[in-house]
């Protein structure tokens, strides 16, 4: 692969560590999912309490990402990553020793804090390491690291739970995170950064039309994906009697397809208009989403899940290098603030998804609820496509940065 042949030693090490950091964070996030029914039964948690447990991660990610975005631009990527990994180890150990719903919520909140630090700094480091056209491929492969963690986390969590107990998945995750922490301490070096200090906060980026467009795309994709996380386990357990391992495999296949398509879409964003690729991805989500509810056999459910995962990956992957391009050519300062915005919108989607799914399925059958979401996505894709078409200079590759100030 030409991308790999162009890397220097510093880029290789940084790239490998960034992928590992993103991988282990999402591994821990999804490893938790097959254990949720156990915690729900043991502590007699209500649906509201389960929602708070899921939402506490996203709340911490949303609240603390702006802080870590500015911090990593000031003190450096390495120090922020070290802080994030140390917090991640602490959060994982809290899951081991938690003995109440409140302790679980606290552990999940600290896990979100760790992600706010490590994700923001890791993505910014990747942008530092890979300029220009290399960035799209690098960011796409980073999305594969994210999806690989999600892919392996749920089935590994279910398997470890089955062969051990509810502590076993978290002991495993703590050991893996500690190993990556040591590798970062020993080998991670930062390149010299030449970006200007950020002049505004994370929210100031949203005054630019291209950035606002990207934020809406991220929100649509993340809300759609996270809406399924609490809905599908309950729905599929009731309809097909799936056990935790089978549920883990379902989510694993969804994220496998996500991981396969993300590098492709990332590389395509350097050749084709990334905003049009985002619109195509949103339209694809709208088309495939309803099939997961109308599928009458577990194999068809798996196929629909694969299509959804691929559509989400295709939608999200172009957003990362495009944000970096806006920083490069505009007046927005450093990458930390830009990728803090990605994390914040990601967090909002994580909070909205379970809420939207819960409200809709309280008033509609799941098939109708997913069809309603699909119609909203289709309308958004049509509207977004028309907007991009009517403003070609604003949303062209060569004018992206200049157009942000229009």
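Every residue, even glycine, has its Cβ placed from backbone N, Cα and C.
Unlike curated records, TrEMBL annotations are generated automatically.
What TrEMBL annotates here:
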- 12-36: transmembrane segment (TRANSMEM)
- 14-392: domain 'Major facilitator superfamily (MFS) profile' (DOMAIN)
- 48-68: transmembrane segment (TRANSMEM)
- 80-98: transmembrane segment (TRANSMEM)
- 110-130: transmembrane segment (TRANSMEM)
- 142-164: transmembrane segment (TRANSMEM)
- 170-189: transmembrane segment (TRANSMEM)
- 210-232: transmembrane segment (TRANSMEM)
- 244-265: transmembrane segment (TRANSMEM)
- 277-295: transmembrane segment (TRANSMEM)
- 301-327: transmembrane segment (TRANSMEM)
- 339-360: transmembrane segment (TRANSMEM)
- 366-388: transmembrane segment (TRANSMEM)
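Tertiary neighbourhood of the transmembrane segment (366-388): same-chain residues 213, 216-217, 220, 224, 227, 231, 235, 273, 275-276, 278-280, 282-283, 285-287, 289-290, 292-294, 356-357, 360, 395, selected by CB-CB distance under 8 Å and a gap of 6+ residues from either end. When Cβ-Cβ distances below 8 Å are used as the criterion, the transmembrane segment (244-265) is approached by residues 30, 33-35, 37, 137, 140-141, 143-144, 146-148, 150-152, 154-159, 161-162, 229, 232-233, 236-237, 277, 281, 298, 301-302, 305-310, 312-318 of the same chain, each at least six residues removed from its ends.
Each residue in the domain 'Major facilitator superfamily (MFS) profile' (14-392) has a pLDDT score, and their mean in this model is 83.
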